[in-house]
Amino acid sequence: TWGVRPFFLDVELLQAPFLPSTLTTLRFMEEGSRLEKEPLLPPPLPRAAKRHRLYSGGDSGDLEDDGHCCVSAASSPRSGGPGIDDPDLYFNQAVVFIEDAIQYRSINHRVDSNSLWLYRWYYSEVCQWILILTITLILAFAFIETPSSLTVTSDVRYRSEAWKPPCGLTESIELLCFLVFIVDISVKSYLIGWEEFRKTKWLMAYILVLLISLIDWSISLSSSCHKNLRIRRILRPFFLLQNSSMMKKTLKSIKRTLPEITSVMLLLAVHLFLFTMFGMLLFARTKDSQQDKEWQGYFHNLTDSLTSLLVLLTTANNPDVMIPAYSKNRAYCIFFILFTVIGNLFLMNLLTAIIYNQFRGYLLKSVQSSLFRRRLGIRAAFEVLCSLKETAINKNTLCVQSEALLQVLQKVKMDSYCKEAIIRKLQSCPPGELTATQFQTLFDELDKHKVKERPPKPDYQSPFLQRVQFIFGHHYFGYLGNVVALANIFCVCGIMVIDADKPPALRDDFFLGVTNCFFILYYLLEILLKLVALGLKRYLSYPSNIFDGLLTLVLMVLEVSTFAVYGFPHPGWRPEMLGLLSLWDMVRLANMLIVFRFLRIIPNITFMSLVASTLLDLVKNIRTFAGILVVAFYAFAIIGMELFGGTITPMGNVSFVNTTFKCGTFEQLEYWPNNFDDFAAALVTLWDVMVVNNWQVFLDAYSRYTSPILFINGIVAAIGHLSQKSNIK
């Protein structure tokens, strides 16, 4: 039986363009673990010379604390003659290793023929899309499960009764999702083998979460869906986490960062506690009730004092908390200013700097491990292809036949432009054999981006068409279109300002209708002239043209629909509502599209284009952190529904009662739509708690409507708010 045994690779070897051509420098350490019942590698060929080959990387390829990188190696057969019995197996192994390198996947998996087929099937686009859709579906259940979010409003005063799905409907679909996850974990576990499975905590947690979810699902179904507490809903974000390697790396980096910031968090807690004590002593109760406004409002007891200063640390109640004492004596402002300067400007910024520094280091190390995986996969493919034939000149020199690599590249699933670039580079190399360095250099094309070549302009023979092409294909014509779009915006803005205070009965839509008609006709003419000048393919090669063209077509359809329903513009054009939208609604929709179309100027202004491209790149790069945020919001929303669902109740019909509320409270601010009665409302409430400066209003309301014991909810909200402010900085 051919097993897998680890070796420790010096970090200096990673700095070379490739791992050494011979693996005699590697230090092997045997483990006393049990061997696999089924071989991870095919059995050796008769009279094959045993030579250790690099076939698989560790679980993550992360650098260890001792400066070495723990990866795995397997014994691989290599024939001594020019041919071998099963070259297709080696070709398939090389194909899989290269695909692993492209996707930054670990190569620590089975490499026999059946396992390779199963491995490629599992990582095919169809299977991965099925898995992604399954995860999306099971996360989306929270919107339609009881309590459902399918209502027009979340305001407890006006909300209608939500739709309740019949018992067993969502549970049946949920069971199908669980079956997909069971197949997923089964295939993963088989492909990596038992020894590697025992080391992978994520897969073991995967099985545990599935087991708990199935038990909870069974209990819920057996109780006819009357079970209120559904633990499996809180565990659903785990399925999203375990399917993303970058999210797992980010969580690992966050976990390693937490001990580094403990000292600052402790110092922040001491700062908060000491100033709480000072505040209770400074603003203690006196005999004069007029002088006790600060004590009554903010420092009545330890809980109120701690809460007031915690909110002040986020600057949410500044300067409200200071005004009563400051009105009495201006010297009291020193207390609040010192608290804010030390806590918010010094400690919070120090905390942000430590988080950035430590997290950046850990994340960089994780990214380096991904790059190491790519190098390891390419090296493994090189080693496999070396097994096809010995080098005639020097058997100690490992080389790969160019023809063999070309056959492998034809089977590899990768972007067509990368494959074409590698093949072109391979064909430009001297015919014959490729060394390790040459092999690695070929795959440097994976790190390059595609340079898009635009189709040529039409070649007109007519002098008139050539002149038209020159005029309307010039960039000055684009500038003219931007000027016209700006003039359209000014016209819309001017009409909106003039008609802002007019009641609908006195509003005349004639001028606005004529203006929109003129500009839309110009936009349509502009598109037609550009199509003549550039040709269809070149016109569509510019994203700005696609954006411009689609919006213009929508505007044209909307304008034709307006004329068909309400006729052509004329003085006093205020017809009654016909169809789905009134004339004013259709005009407003057209104006919104016109304003949105004005974004076409961004690519034509260099600085704005640079900023916009940076923002787009930022959106791509923060997908991992957005996923972590989705997981956190999802989990806290479910927990909030379990703790606070149904606690906010309407005040009843108070239209005929002279009711007054304390200024700044939940009731006076009419925050009724912010509740935890359903999943969508819970998400919006959590967002408002994290973003707005009135998060203490939610803390006060839920402590009054539920119990002061749930004060921990305020602490969680404060941590989220502080984290959000740190991220902004």
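Glycine residues also receive a Cβ, built from the backbone N, Cα and C atoms like all the rest.
Residues or ranges marked as transmembrane segment in TrEMBL: 126-144 (among others). Residues of the same chain lying 6 or more positions beyond the ends of the transmembrane segment (126-144) and with a Cβ under 8 Å from any Cβ of it are 150, 163, 165, 170, 173-174, 177, 180-181, 184, 233, 236-237, 239-240, 243, 634, 637-638, 679-680.
If you look up TrEMBL, you'll see 129-359 (among others) marked as domain 'Ion transport'.
Positions annotated as transmembrane segment by TrEMBL: 173-191 (among others).
Feature annotation from TrEMBL assigns transmembrane segment to 203-220 (among others). Beyond the ends of the transmembrane segment (203-220), by six or more residues, the same chain brings 171, 174-175, 178, 181-182, 185, 188-189, 192, 197, 227, 230-232, 235, 238-239, 242 to within a C-beta distance below 8 angstroms of the stretch.
Among the features that TrEMBL reports, transmembrane segment is placed at 261-283 (among others). Sequence-distant contacts of the transmembrane segment (261-283) (same chain, at least 6 residues past either end, Cβ-Cβ under 8 Å): 294-295, 298-299, 302, 305-306, 308-310, 313, 325, 332, 335, 339, 342-343, 347-348, 350-351, 354-355, 358.
The transmembrane segment annotation in TrEMBL covers 334-356 (among others).
Feature annotation from TrEMBL assigns transmembrane segment to 476-498 (among others).
For the domain 'Ion transport' (485-712), the predicted model reports an average pLDDT of 80. Feature annotation from TrEMBL assigns domain 'Ion transport' to 485-712 (among others).
Annotated transmembrane segment per TrEMBL: 510-529 (among others), in sequence order.
Per TrEMBL, the feature transmembrane segment maps to 550-569 (among others). Among residues of the same chain six or more beyond the transmembrane segment (550-569), those with a C-beta under 8 A of the stretch's C-beta atoms are 509-510, 513-514, 516-517, 520, 523-524, 526-527, 575, 578-579, 583, 586-587, 589-590, 593-594, 596-597.
Annotated transmembrane segment per TrEMBL: 589-612 (among others), in sequence order.
Within its own chain, the transmembrane segment (624-644) is flanked in space by residues 139, 142, 147, 228-229, 233-234, 236-237, 240-241, 244, 246-247, 249-251, 254, 675-679, 682-683, 685-687, 702, 705-706, 710, 713, 716, which lie at least six positions past its ends and keep a Cβ under 8 Å from the stretch. The annotation transmembrane segment is assigned in TrEMBL to 624-644 (among others).
Annotation comment: TrEMBL describes 705-723 (among others) as transmembrane segment.
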* Compare 334-356, 476-498, 510-529 by their Cβ pairs under 8 Å to the transmembrane segment (589-612) and return the stretch that comes out on top. => 476-498
* Structure fact -> If one takes Cβ-Cβ under 8 Å and requires six or more residues beyond its ends, the residues near the transmembrane segment (334-356) are 257, 260-261, 264-265, 267-268, 271-272, 275, 278-279, 282, 309, 312-313, 315, 318-319, 321-322, 325-326, 722, 725-726, 729
